[in-house]
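These come from Swiss-Prot:
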type	residues	note
DISULFID	CYS45-CYS74	disulfide bond
DISULFID	CYS53-CYS83	disulfide bond
DISULFID	CYS60-CYS87	disulfide bond
DISULFID	CYS97-CYS129	disulfide bond
DISULFID	CYS107-CYS139	disulfide bond
REGION	90-97	region 'Chondroitin sulfate binding'
REGION	121-129	region 'Chondroitin sulfate binding'
REGION	137-165	region 'Disordered'
REGION	145-165	region 'Chondroitin sulfate A binding'
SIGNAL	1-30	signal peptide
Amino acid sequence: MPQQQQQRRMFTAALLALVFILAAVSTTEAGKKEKPEKKAKKSDCGEWQWSVCVPTNGDCGLGTREGTRTGAECKQTTKTQKCKIPCNWKKQFGAECKYQFQAWGECDLNTALKTRTGNLKRALHNADCQKTVTISKPCGKLTKPKPQESKKKKKEGKKQEKMLD
């Protein structure tokens, strides 16, 4: 019997602890005030429009760009941002536009130029870039391949000269 009484006391204690925990949780939830949901404030501000990057020195490297936006209740309508123009980009297509170029084509004998095409890889800050561009450059020296026989004759001639000396 004493063992049954001990089990009843443990069960009663556990039950009281459970009731106490539930009461504590319900009072803390009741004490919280329901916060009214924040209204989603729609901004009257427009999207930022950025100028091209203007290098501080020269035509590449660190520089700044100006940003503007419109809106009646905008706190900020203009701002300046630091930017960088990589010095290895082809500036003739715009410093904001990066192209992936194919290999140089064959030399056009009529124009003495070879060309290659570049596809737009990246446009910084919504720059207006052409999708594809083409560049040309002079072919350089056009040399006719010399026949192998003449090289052999020259080598043989030099060998004979050394023997005579």
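Note that Cβ sites are derived from N, Cα and C of the backbone, with glycine treated the same way.
Mapped onto three states, the DSSP output places CYS83 (disulfide bond) in strand.
In sequence order, CYS107, ASP108, ALA112, LEU113, LYS114 make up the list of same-chain residues 6 or more apart from CYS139 (disulfide bond) whose Cβ falls under 8 Å from its Cβ. Cβ neighbour density within 10 Å is lowest for CYS107 among the disulfide-bonded residues CYS53, CYS97, CYS107. Neighbour counts of Cβ atoms within 10 Å were compared for the disulfide-bonded residues CYS87, CYS129, and the top value is held by CYS129. Rounded to a whole number, the distance between the Cα atoms of CYS74 (disulfide bond) and CYS83 (disulfide bond) is 24 Å. CYS129 (disulfide bond) has CYS53 as its nearest neighbour among the disulfide-bonded residues CYS45, CYS53, CYS60, CYS74, CYS87, going by CA to CA distance.
Counting only the Cα atoms, the space from CYS60 (disulfide bond) to CYS53 (disulfide bond) is about 9 angstrom. Taking Cα separation as the measure, CYS97 (disulfide bond) is nearest to CYS53 of the disulfide-bonded residues CYS45, CYS53, CYS74.
Taking every protein chain shown into account, CYS74, CYS83 are the disulfide-bonded residues, and of these the Cβ with the most other Cβ atoms within 10 Å belongs to CYS83.
The Cβ of CYS45 (disulfide bond) lies under 8 Å from the Cβ of ARG69, THR70, GLY71, GLU73, CYS74, THR77, each on the same chain and at least six residues away in sequence. Between the CA atoms of CYS87 (disulfide bond) and CYS53 (disulfide bond) there is a gap of 13 Å.
In the shown protein chains, 16 other C-beta atoms lie within 10 A of the C-beta of CYS60 (disulfide bond).
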